[in-house]
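K.L.:
The structure under discussion is supplied below as structure tokens; questions concerning it will follow.
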Amino acid sequence: MTHKTVRIGALTRVEGEGALVVHARDGRITGLELRIYEPPRFFEAMLRGRGHTEPPDITARICGICPVAYQMSACQAIEAACGAEVTGPLRDLRLLLYYGEWIESHALHVYLLHAPDFLGYDSGVAMAADRRDLVERGLELKKAGNELITAIGGRPIHPVNVKVGGFYRVPARRELAPAAERLRRARDHALATVAWVAGFDFPDVEHDYRFLALRHPGEYAILSGTVVTGDGYGPVSGFEVARWPDHVIEEQVPHSTALHARLDGATGYLTGPLARYALNSARLSPLAREAAAAAGLGRVCRNPYRGIVVRAVEILHACDEALRLLDGYAEPERPCVPVEPRPGVGHGASEAPRGTLYHRYRLDDGGLVAEADIVPPTAQNQARIEADLRDLLAPRLTLPEDELAGLCEKAIRNHDPCISCSAHFLDFRVNRG
Amino acid sequence: MVDRAPRLAVWKFASCDGCQLTFLDCEDELLSVAARVEIAYFLEASSAPGPGPYDLSLVEGSITTPEDLERIRHVRRVSKRLVTIGACATAGGIQALRDFADVKEFAAVVYARPDYIATLDRSTPVAAHVPVDFELRGCPPDRHQLLEVISAFLAGRRPVVPAHSVCVECKARGNACVMVAHGTPCLGPVTQAGCGALCPTFNRGCYGCFGPMESPNHASLNHWMRGLGMSTPELVRIYRTYHATTEPFRRAAEEAQESGEEE
């Protein structure tokens with residue numbers, strides 16, 4: 001009987017801190033844990049007793065990489081609880097801000113975190129020593145996203161201009177002009193990025209994913225929509241965001257490191273770029289659709305390594321759509337709609353760069369938060385990432401451990417996990433009784 | 001002179017990753033900084049962590065677990081200079097709100113099996129445990145200030161980071177005072193500068209994400225903000241957010257509570 005344990009002590013080039021432990025016996029995997037050792041921060045508990053205006057700023061602090069996602073899901077949940085809705089030009093401004101975050105976050109992942117895996121470097125900085133032109137292109141793209149967020153939100157990390165009901169101040173058209181100018185160059189860079197990453201050497205792997213994403217009738221959903229699930233080929237089933245708690249259940253598995261989200265009783269679904277693309281690719285901008293076809297993506301992409309191509313296509317779509325909105329931008333007449341607090345429950349969901357991010361709040365008689373519930377994308381994906389790893393490792397257990405560790409890290413990075421986000425409700429201490 | 005590039009390390013404790021991202025957000029400067037230093041340890045950006053000692057360690061995040069208490073001591077031991085970046089590392093951060101509550105109850109609200117969770121009762125700044133060479137404020141820090149801090153330590157000098165209030169920055173930008181002009185409550189008078197008076201520039205009151213300035217007069221500000229219609233619980237909450245356990249903001253919230261009871 002032979003035992004083998006593979007450990008990756010600290011995952012690198014991911015957001016937040018985690019580790020992986022795999023146990024095998026007689027050539028079979030007996031245990032696999034994507035372990036989160038991010039300290040818990042108790043956001044849902046801290047939010048109780050705060051004013052109905054406060055969750056967007058407070059929950060932004062869950063994740064410095066995708067604060068806008070937290071702000072948008074929080075705002076929409078509270079507006080739903082209060083019977084308010086942000087529409088028209090104000091909603092367009094929210095979309096613009098969110099596209100900025102997609103560009104920034106995806107460019108960071110594609111160029112600095114993920115591409116080095118395909119080209120044999122330890123980091124984007126190391127890659128810059130040989131291919132400075134490429135890294136500079138990535139940084140320019142990232143900067144275009146950050147400038148768009150800054151023009152609307154004040155700063156790229158934890159923007160200050162988002163409020164329940166809209167914004168504190170809407171930017172004048174001329175204030176957005178420099179960001180638009182940079183985005184035009186960024187769109188060319190994004191096109192080049194799709195072609196570049198499409199040429200990488202991808203392992204020949206496909207998984208039978210069950211996908212979950214928002215769907216919007218007129219958009220490649222980012223800000224809002226109904227929840228749809230399916231494999232990308234067959235029919236989809238769907239439900240309203242307000243029915244989320246009826247369909248998605250978080251479960252703490254005994255002696256495991258993580259809560260696993262179950263979708264209608266089944267564990268291991270996937271949210272994020274592959275899911276959005278499989279369920280919504282027909283709604284991409286024409287330019288992004290063309291680029292995706294030229295990159296050989298097909299209608300559904302089930303190879304997680306090619307997630308980098310889907311992210312590049314989403315960067316292009318975000319640049320393209322942001323430019324369309326900026327070209328048609330007229331300053332909204334008022335910066336926000338009134339949102340009067342009232343007792344009740346509201347649900348909100350949006351597509352963070354890493355996947356669907358759900359918030360629920362219950363407000364009390366005094367307009368204070370009585371309950372908060374947040375389901376971040378990485379927590380939903382954790383079981384599926386573990387399944388990817390099992391499939392990867394099962395036939396390769398005889399390989400040297402450092403080689404296995406390297407392969408696992410790459411497979412995890414495919415999903416751009418945001419461990420900081422998931423940590424606030426993932427258990428990181430195992431009871432090994 | 002040592003003929004080698006200074007070795008830089010970036011460490012993460014309880015936090016959102018935003019402060020280390022601030023470093024990666026220096027798009028124009030990142031590659032030139034990277035050329036002047038050896039980025040020896042930076043898990044978020046590189047899969048080739050090198051062993052210490054390090055010339056400069058940037059630390060993000062607060063201390064909230066028994067393991068992290070040990071780890072920050074290790075970081076201090078292997079670092080010639082240790083600089084905290086951001087509100088969590090410098091002041092305990094948003095998660096320090098647990099200090100005003102029962103952390104076991106907090107854990108029970110969030111986790112089905114709170115007994116699996118190992119956490120400390122309080123979220124503390126790095127300086128509560130080890131000597132710190134410089135504390136950079138902000139939730140998140142300003143990237144120009146971050147670059148100034150890195151450049152200063154590489155050059156062996158103190159960083160130039162002003163300790164005056166946000167009001168000074170507002171005046172410099174030519175903003176109308178949001179309290180005077182719009183009747184909007186604002187923490188600017190008691191908050192340290194550094195952001196460029198962002199919130200007032202967006203017609204919003206400052207919410208104190210850079211923490212208390214050097215000599216805040218919160219009694220006067222509380223009086224003002226009450227006059228603008230803020231209730232006692234609102235006053236307490238505005239101080240108890242990102243720098244809740246810093247002495248000035250802790251006292252400001254307590255005095256708001258006490259003066260609220262007198263009324």
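A Cβ is built for glycine as well, from the same backbone N, Cα and C atoms used for every other residue.
Note that TrEMBL annotation is computational and uncurated.
When I checked TrEMBL for this same protein, it listed these features:
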BINDING   A:Glu44, A:Ile374, A:His424  Mg(2+) binding site
BINDING   A:Cys63, A:Cys66, A:Cys418  Ni(2+) binding site
BINDING   A:Cys66, A:Cys421  Fe cation binding site
K.L.:
What number of additional C-beta atoms lies within 10 angstroms of the C-beta atom of A:Ile374 (Mg(2+) binding site)?
P.N.:
24
K.L.:
Measuring Cα to Cα, how far is A:Cys66 (Ni(2+) binding site) from A:Ile374 (Mg(2+) binding site) in Å?
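P.N.:
Cα-Cα, rounded: 14 Å.
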K.L.:
If you count Cβ atoms within 10 Å of the Cβ of A:Cys66 (Ni(2+) binding site), leaving out that atom itself, what do you get?
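P.N.:
Cβ-Cβ neighbours of A:Cys66 (Ni(2+) binding site) within 10 Å number 29.
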K.L.:
What is the Cβ neighbour count of A:Glu44 (Mg(2+) binding site) at a 10 Å cut-off, with all protein chains included?
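P.N.:
Summing over all protein chains shown, A:Glu44 (Mg(2+) binding site) has 22 other Cβ atoms within 10 Å.
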K.L.:
What count of other C-beta atoms do you get within 10 angstroms of the C-beta of A:Cys418 (Ni(2+) binding site), across all chains shown?
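P.N.:
Excluding its own Cβ, A:Cys418 (Ni(2+) binding site) sees 31 Cβ atoms within 10 Å.
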K.L.:
Using a 10 Å cut-off, grab the number of neighbouring Cβ atoms around the Cβ of A:Cys63 (Ni(2+) binding site), all chains included.
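P.N.:
The Cβ of A:Cys63 (Ni(2+) binding site) has 33 Cβ neighbours within 10 Å.
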K.L.:
Please state whether DSSP places A:Cys63 (Ni(2+) binding site) in a helix, a strand or coil.
P.N.:
coil
K.L.:
Using Cα coordinates, what distance in whole Å links A:Glu44 (Mg(2+) binding site) and A:Cys418 (Ni(2+) binding site)?
P.N.:
18
